[in-house]
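In what follows, a single structure is set out as structure tokens and then discussed.
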Amino acid sequence: MPIITLPDGNQRQFDNTTSIMEIAADIGPGLAKACIAGRVDGQLVDACDPIEKDANIAIITAKDDQGLEILRHSCAHLLGHAIKQLYPNAKMAIGPTIENGFYYDIDLDVTINDDELAKIAKRMNELVKTNYTVVKEKVSVEEAKALFKERGESYKLEILEGIHPDDRPGLYHHEEYIDMCRGPHVPVMKFCQYFKLMKVSGAYWRGNSDNKMLQRIYGTAWADKKQLNAYLKRLEEAAKRDHRKIGKQLDLYHMQEEAPGMVFWHSNGWTIYRELEKYVREQTEAYDYQEVKAPQILDRALWEKSGHWGKYKDNMFCTSSENRDYAIKPMNCPGHLQIFNQGLKSYRDLPLRMAEFGSCHRNEPSGSLHGLMRVRAFTQDDAHIFCTEEQILDEVSACIQMVFECYKTFGFDDIAVKLSTRPDQRVGDDATWDKAEAALANALTTNNINYGVLPGEGAFYGPKIEFTLYDCLGRGWQCGTIQLDFSMPGRLDASFVGEDNERHTPVMIHRAILGSLERFIGILTEEYAGVYPTWLSPKQVVVMNITDKQSAFVDEVVNKLKKSGIRAISDLRNEKIGFKIREHTLKRVPYLLVIGDQEVEAGEVAVRTRKGDDLGKFKVDDFAAYIKEEIITRR
């Protein structure tokens, strides 16, 4: 006779074994119709799973985040069901959920184009309308192997090879289609009606390029039509803001096959890059950092000693010379430790703050590369602080303050903070990790920062604070990090002389604000839709004549603005002024100056903004002062 405790503390007693669905029905028919799954003593379960003893339970509906995750996972099974009906020879690989949706990897001889995708979606809709019941079955590993061998599902068999023989995999029956999963899943298919198949791409089995290339079908799914339409609308807006599209329109950069994942910066894009670099440099100087520069290529022995070789060698570009192995740096910390190690350090030298615009390379899979957002060559606004344990709180607090100040400059005020704790693969003992995690948690609490915890997501050498920016479309971008490291300084022989005249190992704080300059420019481009604030705009002013008679004065104005440090250009083409204004507005130039005979006579410029506002006429020096103030204050 299990006693069930609900989230509000109310209890219900059942005569026999019960289930989440029976409990929902006991509460009310409306809840039973909405029930997707449940939690029993904190564990996710299917709505049909038996509950045989006293338990604390919660009923999950599509309104819950976990409910949305479950229905998306069930949509992946629905996709598999439709594919097997349409293409019986297809072999199904994996179908997990992802942010906002799901995908399924399929081994299929037929190339899935737009027409095939529409056919699959149509069959999925037909299956949903039948509202069939999903039946769960727990079997032995051997029974599962026999089933999938009979069905010719070689990828499922390979997955089963990695499952412990004593486990009992879950099989979910979608009528004649059977899929294998931990679950939970929706009880009936009506919950999966608000979906859309989005695209098809290639994906190597298990992400290994030595394996067969499969076809990956992506989809999105939501609790109701309103949510689905809102998401599709956001995608439309995101497509308009795509930094790759805007980058081409504004002539910022390009990428090409001869250098995959590496950016060719054009003059306009490089101007933005240098302005970001200038801004970060001002901040590091204000916070008393020393700027340094370490080599890009270091001996393999150093990477082995630091621990990076064992963790990252597959993602490192390597080379050799004169019988020595080298690697291009994927990160900057070992180089900064070598600088710290030059000369004897005293406790009086600490904290020592070291910053670098570090050029890094990582051998990311080619399929994961995406414009500026995922590259192989990038520059980190990296810094490392060497300090004593007693200085950790003050130094981490200063880093937190610096991060928030920088993000505010760019207009980001919706920032999520997470504390990432020890991963399974790590260096250092548990006592050291306990101390490091507690130190970061203390700094966050002291600074009144609300934060969540990401178990197991820390770096291999220490826990970290992660800062995720949310843009105007509600998308999250993880950028800044503050990582505490008690391990690497000791591994690389860093030490200082303490007040007791003994040698001690410093604590190392790894800190980045933008993350990588390339990716942050991509984020800003999409956030601003290319309408950068004046201080970041590649061209800040365009000066245009109405007729050839004003050309000399246009040149005079441009030269005067340039001498004031303003990025100004002229447009002396023999085109109508309206045409010029439209063209430079599309190029997102912040200020458009028009000069006719009256302006020449008065020594003035007529000022318009890219928004179409007419600011009236200014003396040239007055306009220069006006825009300079905007640039200096970074408004």
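Backbone N, Cα and C atoms are what each Cβ position is placed from, and that goes for glycine too.
Listed by Swiss-Prot as binding Zn(2+) are C333, H510; the candidate from H361, H370, H384 that the record includes in that site is H384. Secondary structure of the domain 'TGS' (1-61) per DSSP (helix as H, G, I; strand as E, B; remaining residues coil): 14 helix, 27 strand, 20 coil. The binding-site residues H384, H510 differ in how many other CB atoms lie within 10 Å of their CB, and the one with the most is H384.
In the predicted model, the region 'Catalytic' (242-533) shows an average pLDDT of 94.
Counting only same-chain residues six or more apart in sequence, the Cβ atoms lying under 8 angstroms from the Cβ of C333 (Zn(2+) binding site) belong to S306, D382, H384, D485, M488, M508, H510.
Shown in sequence order, M331, N332, H336, L337, D382, A383, Q483, D485, M488, M508, I509, R511 are the same-chain residues outside C333, H384, H510 whose Cβ sits within 8 Å of the Cβ centre of the Zn(2+) site.
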